[in-house]
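Pulled from TrEMBL:
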COILED    A:147-226  coiled coil
COILED    A:365-399  coiled coil
COMPBIAS  A:314-334  compositional bias 'Acidic residues'
DOMAIN    A:211-246  domain 'EF-hand'
DOMAIN    A:415-516  domain 'MRH'
REGION    A:283-357  region 'Disordered'
SIGNAL    A:1-16  signal peptide
Amino acid sequence: MLLSLLLPVLGTLASSVEVKRPRGVSLTNHHFYEESKPFTCLDGSLTIAFDWINDDYCDCPDGSDEPGTSACPNGRFHCTNAGYRPQYIPSSRVNDGVCDCCDATDEYNSGFVCENTCKEMGRKEREALAQMAEVAREGFKLKQALIEEASKGREDKQRTLAELQEGKKSLEEQVETLRSAKEAVEKPEKEAKEIHQKNWEEQKAAEKAAQEQARASEAFQELDDDGDGLVSVAELQTHTELDVDGDGTLSEMEAQTLLGNALQADASSFLDAVWTSIKERYKPEGLPDPAPLPEAPIEEAADPQPELPPEQPAPEEDYDEEEEEEGDDDESNEEEPKVTPPQQPSDKAAEEDGEEKMPPYDEATQALIDAAQKAREQFEEAEKSLKEMEDSMRNLEKEISFDFGPQGEFSYLYNQCYELTTNEYVYRLCPFNRVSQKPKHGGAETSLGTWGAWAGPEENKFSAMRYEHGTACWQGPNRSTTVKLTCGKDTVVTSTTEPSRCEYLMELVTPAACQEPRDPGAADHDEL
Amino acid sequence: MAAAPERVGMAAVIWTALFLAAAFAVDRSNFKTCEQSSFCKRQRSLKPGSSPYRALLESLQLNQDSMKLQLVNEVNKVPLLLELYGLQGNMTRIKINELSPLRPRYEVPDVLVRDPASTRLAVTGRDENSVELSLGDSGHKLILTGKPFRMDLLQGRELVLSVNPRGLLHFEHLRQRKDSFSDKVSSSVGSLWDKIKSLFHREPPKEPAPEGGAAGEETEATVPGDQESSEKSTKSEEGSDAPEQAEEELGSWEETFKTHTDSKPNGPTSVGLDFSLPGFEHVYGIPEHADNLRLRTTDGGDPYRLYNLDVFQYELYNPMALYGSVPVLLAHNIQRTVGIFWLNAAETWVDISSNTAGKTLFGKMLDYMQGGGETPQTDVRWMSESGIVDVFLLLGPAPRDVFRQYTTLTGTQALPPFFAIAYHQSRWNYNDEEDVDTVDAGFDMHDIPYDVIWLDIEHTDGKRYFTWDPSKFPHPRSMLERLAAKRRKMVSIVDPHIKVDSGYQIHNEIRSRGFYVKTKDGSDYEGWCWPGSAGYPDFTSPEMRTWWASMFSYDQYEGSTENLYTWNDMNEPSVFNGPEVTMYKDAVHQGGWEHRDLHNLYGFYVQMATAQGQVQRSGGLERPFVLTRAFFAGSQRYGAVWTGDNAAEWDHMKISIPMCLSLALVGISFCGADVGGFFKSPDAELLVRWYQLGAYQPFYRAHAHLDTVRREPWLFGEENKALIRAAIRQRYALLPYWYTTFYHSYRSGQPVMRPLWVEYPNDITTFSIDDQFLIGNALLAHPVTEQGAQGVQLYLPGKGEVWYDVHSHQKHHAPQTLYLPVTMSSIPVYQRGGTIVPRKERVRRSSDCMHHDPYTLYVALSPQGTAEGDLFIDDGHTYNFESKAQYLHRHFSFASNTLTSSSADSKGIFESPAWIERVVILGAGKPAAVFLKQPGLAETRLDFQHEAETSVLTLRKPSVNIGADWSISLR
């Protein structure tokens with residue numbers, strides 16, 4: 001079991017000095033292990049003979065007596081890894097048949113042959129670092145531009161906001177002015193319209209009374225069959241439609257009752273009393289039953305058909321396609337009303353109801369109305385622009401208040417969306433807004449969360465974003481997404497995974513995540 | 001796994017619809033009660049009374065190794081054939097079949113490992129109504145009573161067990177279907193007769209003679225005047241008998257459950273028989289049930305059911321059937337342990353009742369032996385839907401004898417490859433190769449050992465087993481090679497339902513070879529499972545199994561490598577749209593057998609064929625590892641089982657102990673439960689406790705449902721990570737002991753994980769304990785299973801023995817009930833004084849990395865200052881230990897202040913570079929000097945360290961090879 005206690009460690013360069021130290025001890029620690037002197041465990045708990053160091057038996061509770069073997073459960077082994085990076089590995093990985101140190105020093109007695117890959121790894125790492133540095137450099141440059149752009153944008157926005165705030169005052173004043181102006185002209189308008197209305201109604205009433213009287217006297221004359229200037233019970237009885245009890249005939253008694261409990265009525269009492277009680281049922285003689293009205297609507301319904309654009313030949317395939325499109329297109333509903341025939345019969349119906357149209361306003365009234373309408377329109381327009389202005393101010397305020405990173409470098413992502421298409425889904429990330437997933441081959445979109453907060457670790461808060469409260473999972477939580485930001489020249493979503501059910505992980509490459517590149521030479525420290 | 005909504009798309013629609021409502025509890029209405037299972041109802045409606053069966057003593061034939069005798073049902077005159085075998089090793093086999101059945105009845109093949117060697121039977125006594133036989137050289141006698149038929153098994157003058165003492169033998173003979181009502185009545189006249197008889201036993205009604213019997217004869221059966229039993233028979237059925245009978249008749253030739261109709265072309269075929277166990281109050285076994293170790297009586301409830309089923313979100317503490325079945329029941333009292341092995345693979349129910357009225361009259365021989373009537377007694381009744389009565393009585397008398405007896409019949413636990421007893425990391429699902437790499441790297445980053453990472457169904461190309469999802473797992477071989485470079489393994493799932501898809505080679509071959517299970521109409525049976533429509537290969541066919549096994553060869557299973565092993569899930573079989581989520585009972589297997597006859601064997605065969613495939617792919621060299629969910633008697637020969645789809649709940653964690661103990665008692669030692677719980681997400685405390693418990697159970701695998709949040713050990717904060725790591729490391733340090741214990745199980749059938757009573761059969765206190773257990777004979781574990789526990793109450797058994805806390809080394813005298821305060825890091829484990837446990841204390845990233853590492857021996861001294869232990873070593877993965885005797889079995893003993901290492905088995909020869917780095921002696925005084933002596937070498941002094949406070953003596957670096965003979969003396 002006793003292997004060479006001391007391992008001559010050669011540096012990579014011919015000029016470096018050979019340092020003798022027990023296996024698995026780093027250069028910085030080698031002075032604790034003085035040859036041939038008793039060794040005190042690094043935690044001070046025990047002092048042992050020097051030849052108990054690396055004798056493959058764990059004596060020190062802290063494992064410090066076995067830096068080069070696997071004997072201590074809590075020990076660690078130092079690999080020099082010349083050409084690459086030195087490293088500590090747990091003692092349990094010494095001689096375990098797995099190559100851990102690139103210089104192969106951890107497998108010195110396991111029968112497994114490891115190759116020294118440090119040079120290769122060092123080269124690869126340097127290349128990778130160089131490449132990363134290159135990316136970082138370029139990315140960082142872009143980031144500077146983004147920062148500048150952001151600060152400009154922010155200034156612009158603030159300026160715009162200030163301007164808007166400024167403009168808002170005058171606009172508000174304007175709205176108020178227009179409101180009073182509107183109210184001022186609306187008052188005479190209202191009065192004039194009321195007068196006009198009243199006049200018209202009076203006129204209508206008078207006309208109606210006259211008409212009624214005319215119908216009554218007409219009826220009287222009709223009823224007065226013998227022309228004696230009186231309507232008798234018998235004369236009334238010829239009009240069976242006036243039957244009161246519904247037996248189909250008008251009895252004498254009924255007729256008398258209708259005549260005001262009299263046997264006859266003269267013209268004036270007929271007009272005053274009898275007519276009102278019979279006019280609803282009375283049918284003038286010699287006229288057929290009023291024809292039913294539906295003819296007109298039928299004509300109208302038939303009307304629009306010839307109006308369909310005749311130049312559309314509509315071959316069937318085309319038609320199908322259109323239907324499919326319509327099926328997919330949410331907006332198609334809005335177009336539908338266009339297809340339905342215009343409904344114009346309201347005027348006619350009004351006429352047929354016997355209602356007359358109000359006569360046009362007289363010139364003076366019309367002038368008042370026109371003036372008021374104009375004032376209203378002006379007011380509404382002003383009010384609308386005020387609302388719009390307020391909206392854009394709100395948006396601006398929101399955007400300005402967003403935390404776009406220490407220097408606003410992430411602000412360019414605002415109002416943008418980035419997509420990644422996988423085998424099954426199209427993922428869509430709209431930074432600071434939402435993340436969603438849509439099946440590639442049709443199907444509803446699923447929300448994977450809306451903007452929550454920056455979610456990186458404390459020291460690097462802006463390295464991750466969190467989107468929460470997405471669509472709920474079956475028997476599970478609401479979907480959520482963490483977006484990891486990494487440095488790159490372009491802005492692109494590079495991957496989406498679902499490491500845990502309904503918890504998504506997305507990677508977004510962006511120059512905004514680039515850090516100022518360090519001097520690349522500084523990375524290659526500790527090389528012997 | 002079970003429920004998979006959303007992800008499985010089309011396939012899940014029906015499934016989801018079925019189970020969405022279930023939330024987090026089993027939907028009991030999906031599964032039959034005894035009342036809803038027509039044969040169980042028929043059998044159970046038969047009440048104890050005098051048996052209608054008569055043994056025709058004059059027909060007795062005694063052959064070289066068996067006795068044959070006819071039984072006749074006095075009511076329907078159907079003759080049965082009773083065969084009795086005395087078997088070597090203190091066992092008796094009883095077979096009852098129809099003398100001349102219309103068609104052959106199913107006899108379970110492939111479960112017995114060999115034809116059990118028989119002993120010579122001899123008639124040693126005889127009178128007009130009984131025969132006495134001696135059963136070989138064990139001193140057991142059997143008294144067979146002619147009328148009513150019963151058998152009583154005695155040792156010396158002591159009655160051990162009775163067969164048919166309550167007259168519940170009920171054998172539904174095969175018959176032609178007749179549609180007339182009278183035929184229907186006659187077909188089940190036996191049970192009707194019994195009821196009537198027990199009520200009006202002096203007035204036997206005349207019955208029409210049924211077919212198959214002495215046709216045309218009218219029965220003039222006189223009722224046996226057994227006052228004792230008729231007194232016990234119940235009498236409250238008068239009014240309900242007739243309509244009930246009609247109903248039962250409906251269930252005899254066709255049975256409908258929910259929307260499923262079972263056509264029952266063979267009509268009623270069930271068999272039932274009862275046993276009495278006088279003097280026994282504790283019975284165990286008949287897994288799988290989510291219940292306590294000690295079986296309960298089933299009076300007033302359902303019997304324990306054995307019918308392999310995929311039970312979605314199973315409930316605890318009830319007798320419902322689960323994924324596997326082992327029809328073996330053990331009874332134990334302070335004098336004796338016996339077993340009843342009911343070899344029947346059809347749906348089976350077991351009633352257990354207990355009474356103190358053990359007065360049974362069975363012939364003049366016994367009259368004077370039964371003293372008072374207060375002997376505790378357990379009665380057991382078995383009821384199976386088809387097949388024959390084939391029972392092995394395992395007569396003990398010690399627990400270890402029963403284990404040996406049972407495993408002589410069905411085989412012992414296969415010795416697992418070493419890695420398989422280490423820690424397994426699973427999840428439904430590790431999504432892709434990158435995910436696998438990341439998790440693998442995570443274990444190294446967090447310095448947590450693990451041996452195997454698992455891939456669930458999502459790794460396949462559309463649930464086509466033996467394939468890989470081309471976008472998630474495009475390069476399985478290199479992924480496996482990366483794992484191999486860390487000396488780790490992978491397990492991929494291969495389920496027995498095969499996607500019906502003409503573009504799928506496996507399906508095409510099975511179809512074209514005619515290997516699918518058929519419907520009753522002869523077409524390929526198709527059910528609904530993960531892939532959607534799926535066929536079920538007929539694993540009962542040897543040709544099918546051979547073909548299946550060949551699919552595991554490296555050139556067939558593309559992307560597979562030596563370090564890829566297999567998981568057989570859903571092999572009950574699970575059929576989402578089938579009755580009780582399984583296959584129609586009238587489906588047809590090779591040889592024309594109905595699925596009904598062999599349902600409980602299906603999963604056994606799946607694992608058998610898969611294990612065979614793994615052996616074959618290595619040319620017979622490498623040991624397989626196959627995990628199965630469904631199992632039967634004998635499944636221990638093919639690998640590991642786990643307790644199925646449990647939940648992240650404290651009670652589910654707790655029940656894993658009795659569930660695995662029950663399996664261990666019936667041969668299946670390699671058992672575990674999903675660490676963390678399958679459904680739902682555990683909090684950190686539960687997860688940590690479960691890792692601690694799992695570290696001391698034979699199969700140690702964390703697993704989780706697709707819908708749960710990630711739970712790799714490092715995701716719960718540094719503190720919990722450290723606790724989990726510590727638990728897993730304890731497991732790894734003890735692997736040499738586990739492996740040695742598994743070797744014993746393989747060699748002698750002794751369970752790895754043991755109930756306390758197995759080691760302390762005379763201590764009644766231990767008989768019902770199932771919150772603590774033993775591993776081998778040396779370690780006692782009482783993992784914390786209570787939320788927020790401040791301490792555990794544990795029992796240290798063994799009069800005059802001592803136990804040492806393995807963590808503090810504190811010594812405790814036994815027997816005692818001990819309250820041990822606990823913290824989150826506590827895993828109460830004790831080493832028995834008088835034992836020696838080998839450990840490897842250099843825990844590495846995988847068990848394979850530790851293969852050549854040195855050992856530490858923990859010598860725990862008995863009060864007499866002695867200790868013994870052993871260690872088994874081989875290459876850990878091949879059959880060379882068996883075929884070439886390439887192994888080391890070392891024996892360590894400590895006596896007279898000297899620890900000696902010698903060979904426990906000189907046949908084994910194996911070179912190992914492993915050595916002994918340390919010996920820790922618990923309970924030792926401080927010696928003046930310690931000397932190591934090796935043959936042919938001079939004595940050398942060893943350095944040592946003694947802690948007076950705990951009496952722990954640590955011997956530094958004996959540096960002897962593990963295979964060497966040596967002794968160390970303390971002076």
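Every residue gets a Cβ built from N, Cα and C, even glycine.
Bear in mind that TrEMBL entries carry predicted annotations, made automatically and left uncurated.
Long-range contacts of the coiled coil (A:365-399) within the same chain, counting only residues at least 6 positions beyond its ends with a Cβ under 8 Å from a Cβ of the stretch, are 157, 160-161, 164-165, 167-168, 171-172, 174-175, 178-179, 181-182, 184-186, 188-189, 192-193, 195-196, 411, 414. When averaged over the coiled coil (A:365-399), pLDDT in the model lands at 88. DSSP labels the residues of the domain 'MRH' (A:415-516) in these numbers: 9 helix, 57 strand, 36 coil.
Within its own chain, the domain 'EF-hand' (A:211-246) has Cβ neighbours under 8 Å at 252, 254-259, 263-267, 270-271, 274-275, 278-279, 281-285, counting only residues six or more beyond its boundaries.
Residue counts for the domain 'EF-hand' (A:211-246) under DSSP, split into helix (H, G, I), strand (E, B) and coil, are 21 helix, 3 strand, 12 coil.
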